[in-house]
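Everything below concerns the one structure shown next.
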Amino acid sequence: MAQGLIEVERKFLPGPGTEERLQELGGTLEHRVTFRDTYYDTPELSLMRADHWLRRREDSGWELKCPGAAGVLGHHTEYKELTAEPTIVAQLCKVLGADGLGAGDVAAVLGPLGLQEVASFVTKRSAWKLVLLGTDEEEPQLRVDLDTADFGYAVGEVEALVHEEAEVPTALEKIHRLSSMLGVPAQETAPAKLIVYLQRFRPQDYQRLLEVNSSKQRPQGIEDPDNCLG
């Protein structure tokens with residue numbers, strides 16, 4: 001992924017007919033893959049509470065998701081994805097208020113920044129791509145990932161990658177259209193895998209995230225505990 005792209009996405013709950021529907025819409029199955037994600041944060045969850053998400057994917061390296069422009073509400077999220085390690089380190093130092101660590105490898109600054117593993121799980125994914133009818137085929141394709149985590153939670157994601165904030169509204173419109181074509185209810189919300197992991201296995205951390213900026217949009221699709229998927 002090119003450095004600094006903006007990821008606009010909507011998560012949904014896939015059903016047994018989701019892949020068949022993607023085929024009917026002209027979707028192409030890119031691959032099926034299994035991978036392990038490990039997430040890192042401070043004991044106080046300083047990154048997640050600032051809506052920053054540091055992950056190391058097995059055989060793929062590090063990624064830091066940072067919040068996009070304010071005001072993206074509803075059932076969609078917008079994040080910038082950083083994958084170059086010097087850029088990740090610089091952003092980590094900025095968020096955590098640390099100076100003098102230079103621009104080294106992410107692994108080298110975990111200890112000095114007080115970052116530790118907070119979650120690790122394996123995901124089986126089927127990755128699809130398609131172009132909506134009536135859109136320019138030269139435009140970036142929409143991506144649909146269908147994930148099942150090893151702790152029994154399944155979630156889908158419709159995603160578009162754009163270069164500029166000005167492209168976000170068009171990306172959202174396409175995501176809306178495809179979600180509707182897949183039969184996703186307009187008001188449906190689905191938490192990220194990490195959020196469900198924390199709810200099930202680290203409930204105190206989950207509650208801590210729920211309490212953060214309760215008057216603002218909750219990060220990564222966090223819902224009220226009574227409504228969150230278990």
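Every residue gets a Cβ built from N, Cα and C, even glycine.
Taken straight from TrEMBL:
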type	residues	note
DOMAIN	5-201	domain 'CYTH'
BINDING	E7, E9, D145, E157, E159	Mg(2+) binding site
BINDING	K11, R55, R57, K65, R125, E157, K193	substrate binding site
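In terms of Cα spacing, the binding-site residues E7, E9, D145, E157, E159 that come within 10 Å of R125 (substrate binding site) are D145. Summarised as a single figure, the pLDDT of the domain 'CYTH' (5-201) averages 90. A sphere of 10 angstroms centred on the C-beta of E9 (Mg(2+) binding site) encloses 20 other C-beta atoms. When the Cα of E159 (Mg(2+) binding site) is compared against those of the binding-site residues K11, R55, R57, K193, the shortest separation belongs to K11.
Considering only the binding-site residues E7, E9, D145, E157, the residues lying within 10 A of K65 (substrate binding site) on a C-alpha to C-alpha basis are E7.
Residues K11, R55, R57, K65, R125, E157, K193 are recorded as binding substrate; their most distant pair of Cα atoms lies 20 Å apart. Cα-Cα distances to E157 (Mg(2+) binding site) place none of the binding-site residues R55, R57, K193 within 10 Å.
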